[in-house]
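Trainee: My questions all concern the structure below.
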C-alpha cells in the first residue's frame, strides 16, 4: 500500500502538467480509475470466495505492476488515450490484493477478536495509502530532481515497494484456509460471483452497511483532490508541507486503528462506528477545512494548528474500523458475499469521493460546498448505523464481558 500510495497526493497535477490537459479532463481519467477500484473491490471478495484469497492477491499484484509500467510509458509518450486505459486497468490491482487479504483475515480470526484484527489491517492499509506513500514522495521527488521528473522517479520507486510487499505476503503468510475455495461446494460460479449483489438487494441491512462503508472514507479521497491546491497554494504552505501534513494526519489514523478495533470489541461495534466514526469524523472534517481558513496564510503556527485539526479527523476516521466486523456478522452464513460488498464499498469510496467533488464543483458551490456535502453524507450514515444491530451489540457477546469470560 505504500507503493500504491506514493502518487496519491500528486498524480492529478502531474498528469495535467505532463499531458498539458486541463483539470476537468484529467479529473475524468481519475474518476475512471476510481471506477476500476470500485469493481476490483467487489471482485476481491467474490473471487476470494471462488478461488481463495491467496490467488486473488497474486492476480492483483500482477495487474498492478504490469499496468503501472505501461502507465508510466504512456505518460512519457504523452498519449491521453493510453494513459486513460492503462491507469483505468491498473485500478483493479490494489483492491484485488488488499481486500482479498482482508477476506483472509476475516475467515481466520475468532469473532470476539474480529474488530481488533480488522483494525490491524487498516493500520497497514492506511499506513501505506497515503501515509508512508506520501513520506516516500517527500523524499523521492527531490532525489530525482524535483518537478514532474522527480514525481516520475517516485512512481518508479513505488514499483519496487509493491514488489517487496507482495514477496512478504506470498512467502510469509502460510495459513492454509486462504489457498482454496471459501464458498459452499454446491454453489455455481455465477451464484458465488453474484451472491454479494443478491444479498444487497434482498437484505436491507447489507445495503445500509454497504452505504455506510462507502461514505466512510469518501471525504478522505475527496480531500486528496481539494486540499493540495488549498494548502500548498491558497494558504501558502507549499507542496512539501502539504505532503508532510498528509503523512501526519494519516499517521495518527494508523496509531488508533487497532485501538478503535479494541474499543469496538468491548463497547460495541455499532456504538463505536456511530459516535466515533460517523459523528466524530464529521466534526474533524469541518475543523480540517475551516482551521486553515481561520489562521494567517503562510504562518508556521497556523500550519501546525491546521495539522492538528487534520490529525483529529484522521484519528476519528478510525472509528469506522468495526464496520469490517459488522458486515459479515449481519449474515454469518454468507461471510464471503458480505465481505464482497464491504470491499466494494471500501474501494467505491474513492469513486464517491471524486464524484462528489466533480458534481459540487460543476454546480459552482466551490470547495466549501464539497466539505458540507460530505458532512451531509455523514449525517445519512449516522441514521443508517442505528439499524445495523448484530449479536455483538449485546453486552454478553463482547470481549471481556462476564458471559464471555465464563464461556472461555
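Glycine too: its Cβ is placed from the backbone N, Cα and C atoms.
Features from TrEMBL:
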| type | residues | note |
| --- | --- | --- |
| DOMAIN | 1-393 | domain 'Major facilitator superfamily (MFS) profile' |
| TRANSMEM | 24-44 | transmembrane segment |
| TRANSMEM | 56-75 | transmembrane segment |
| TRANSMEM | 87-107 | transmembrane segment |
| TRANSMEM | 119-141 | transmembrane segment |
| TRANSMEM | 153-173 | transmembrane segment |
| TRANSMEM | 210-231 | transmembrane segment |
| TRANSMEM | 243-263 | transmembrane segment |
| TRANSMEM | 275-291 | transmembrane segment |
| TRANSMEM | 303-327 | transmembrane segment |
| TRANSMEM | 339-363 | transmembrane segment |
| TRANSMEM | 369-388 | transmembrane segment |
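For each listed feature, how buried is it and what is near it?
Mentor: Averaged across the domain 'Major facilitator superfamily (MFS) profile' (1-393), pLDDT in this predicted model comes to 91.
Listed as Cβ neighbours of the transmembrane segment (56-75) (distance under 8 Å, sequence separation of 6 or more from its ends, same chain) are residues 4, 15, 18-19, 40, 43-44, 47-48, 82-83, 85-87, 89-90, 92-98, 100-101, 152, 155-156, 158-159, 162-163, 166, 169-170.
Counting same-chain residues at least six beyond the ends of the transmembrane segment (87-107), those with a Cβ under 8 angstroms from any Cβ of the stretch are 1, 4, 29-30, 32-37, 39-41, 43-45, 47-49, 53-54, 56-57, 59-65, 67-68, 70-71, 114, 117-118, 121, 125, 129, 166, 169, 173, 175, 177-178, 182, 324, 328, 335-336, 339, 342-343, 346-347.
For the transmembrane segment (243-263), the residues of the chain that approach it from at least six positions outside its boundaries are 9-10, 115-120, 122-123, 126-127, 130-132, 134-135, 137-138, 231, 237, 272, 276-277, 288, 303, 306-307, 310-311, 313-315, 317-319, 321-322, 325, 399, judged by C-beta separation under 8 angstroms.
If you look at the transmembrane segment (303-327), the same-chain residues 6 or more away from its ends with a CB under 8 A from one of its CBs are 102, 106, 111, 114-115, 118-119, 121-122, 206, 209-210, 212-213, 216-217, 220, 231, 235, 237, 241, 245, 248-253, 255-257, 259-261, 264-265, 269-270, 272-273, 275-278, 280-281, 283-285, 287-288, 290-292, 295, 338-339, 341-342, 388, 390, 392.
Residues of the same chain lying 6 or more positions beyond the ends of the transmembrane segment (369-388) and with a Cβ under 8 Å from any Cβ of it are 204-205, 208-209, 211-212, 215-216, 218-219, 222, 226, 270, 273-274, 278-279, 281-282, 285-286, 289, 326, 330, 356-357, 359-361, 363.
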Trainee: Which listed range (119-141, 210-231, 339-363) shows the maximal number of Cβ pairs under 8 Å with respect to the transmembrane segment (24-44)?
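Mentor: Per the Cβ count, the answer is 339-363.
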Trainee: Who are the long-range neighbours of the transmembrane segment (119-141) in its own chain, taking Cβ under 8 Å and residues 6 or more past its ends?
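Mentor: Residues 1-10, 94, 98, 101-102, 105, 150-151, 153-154, 157-158, 161, 165, 224, 240, 243-244, 246-247, 250-251, 253-254, 257-262, 264, 318, 321, 324.
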Trainee: I need to check the long-range neighbours of the transmembrane segment (339-363): which residues 6 or more away from its ends have a CB within less than 8 Å of a CB in the stretch?
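Mentor: Beyond its ends, the transmembrane segment (339-363) has Cβ neighbours at 27, 30-31, 33-35, 37-42, 44-46, 48-49, 95, 99, 102-103, 106, 195-197, 199-200, 206, 209-226, 323-324, 327-328, 369-370, 373-374, 377.
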